[in-house]
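Participant: If you scroll down you'll find the structure; I have some questions about it.
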Amino acid sequence: MGKEKTHINIVVIGHVDAGKSTTTGHLIYKCGGIDKRVIEKYEKEASEMGKQSFKYAWVMDKLKAERERGITIDIALWKFETSKYYFTIIDAPGHRDFIKNMITGTSQADCAVLVIASPTGEFEAGIAKNGQTREHALLAYTLGVKQMIVAINKMDEKSTNYSQARYDEIVKEVSSFIKKIGYNPEKVAFVPISGWNGDNMLERSDKMEWYKGPTLLEALDAIVEPKRPHDKPLRIPLQDVYKIGGIGTVPVGRVETGIIKPGMVVTFAPAGLSTEVKSVEMHHEQLPEARPGDNVGFNVKNVSVKEIKRGMVAGDSKNDPPQETEKFVAQVIVLNHPGQIHAGYSPVLDCHTAHIACKFTEIVDKVDRRTGAVVAKEGTAAVVLKNGDAAMVELTPSRPMCVESFTEYPPLGRFAVRDMRQTVAVGVIKSTVKKAPGKAGDKKGAAAPSKKK
């Protein structure tokens, strides 16, 4: 056994008909962990339903259907590997809660693959001002996904017909809009592909001799290896807390930063409780330590299952322990709110595993959504927000909550604003004010029963 390959998370973004499912399905199909027998079974089903045209998309379709029904998916389906990395597709849009998943998602994407349709009309529609392409790319950038690959798809379509001129035109347009968002187009690979025929997916296409760049697989292999945050203090947002007979209380969550090991004293925020970790396990095996990305259960002493719950955060008592957040300032971008947002607005925030109503106590300033620079105020009226606006906002949680600034602990510093059953805005936390310990009501607030989602 050599050194294990590095794991890389990718998110696939782009307009609704750009061919994301076919392209992703193709990669998983060719380099992934899908059993050949399963593939044959799916192909047979697809052809019986007269859906051969869905060549690779059925892979993703099957996955989405299972996801929607809440079935735990055979995770191998979302994975594929290259000579250098193991890839996991952490989400693909088209899923109802894509935006929410991308923000509260269990993991940070290391790279975004933006799929663009090249045919006449399709490209223009996808990149239009109100198209999803821009919104997805802006979201990816705002949420800290700093590497991007652009796959220019459907090069085999009649209107495109593998044309270099069309490719050049698209590269120019896309470069200009991703540059406005904050990406550096010179560091982005633009790969002309056919997710359908496989041109430039794994092997070079003989139909585009003019193209000298990498195939999609080579571009994925050339991703810069991300630094994992194991040297930061420990943070584990709790997903669940179990009471296991003969063992006791076992909180479960994903290590986002730092390292947890038996014998360590951990603090749970916002409850303000500290206790010793007796053991750490993953997949029913005891571990000497767990690192970022690991989903673990850890057994704790003398804490009842009533005192800690989903949405709380565990950290090392001796190294910047997590604390209750009294209020915080965030840069918020409004995506789809039907009206105007005024100070006093109190939607639900999904931040890591917490799901808590927070009040927009003050809308401080509107800002440029790309640079973050303050936009000069007009007149003295209170600032009001509408779709497309970005602003610095001070928020106050309606009940005890623990969040962190995005620069210190990224997964605990980004959130989705939910209202009317949809994501109306996203935010990145710039600074937090911690509640002074020992204030009356600390314990009581923490033990209040949580409303289930």
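Note that Cβ sites are derived from N, Cα and C of the backbone, with glycine treated the same way.
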Participant: Quick one: sort out which of 14-21, 126-133, 158-165, 438-445 is the region 'G1' according to Swiss-Prot.
Facilitator: 14-21
Participant: Tell me which range among 70-74, 350-354, 405-409 Swiss-Prot lists as region 'G2'.
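Facilitator: Feature region 'G2' in Swiss-Prot: residues 70-74.
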Participant: Measure the Cβ-based neighbour count of Met155 (GTP binding site), defined as the other Cβ atoms within 10 Å of its Cβ.
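Facilitator: Taking every protein chain into account, the count is 28.
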Participant: State which of the following binding-site residues has the fewest other Cβ atoms within 10 Å around its Cβ: Gly14, Val16, Asn153, Trp196.
Facilitator: Val16
Participant: Tally every other Cβ atom lying within 10 Å of the Cβ atom of Ser194 (GTP binding site).
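Facilitator: 25, counting other Cβ atoms within 10 Å of Ser194 (GTP binding site).
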Participant: Go through Ala18, Lys20, the listed binding-site residues, and name the one with the sparsest Cβ surroundings, counting other Cβ atoms within 10 Å.
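Facilitator: The binding-site residues Ala18, Lys20 were compared, and Lys20 has the fewest Cβ atoms within 10 Å.
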Participant: Restricting to the region 'G2' (70-74), report the mean pLDDT as a whole number.
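Facilitator: Result for the region 'G2' (70-74): average pLDDT 42.
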Participant: Is it possible to list how many residues within the region 'G4' (153-156) are helical, extended or coil according to DSSP?
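Facilitator: Looking at the region 'G4' (153-156) with DSSP, the answer is 0 helix, 1 strand, 3 coil.
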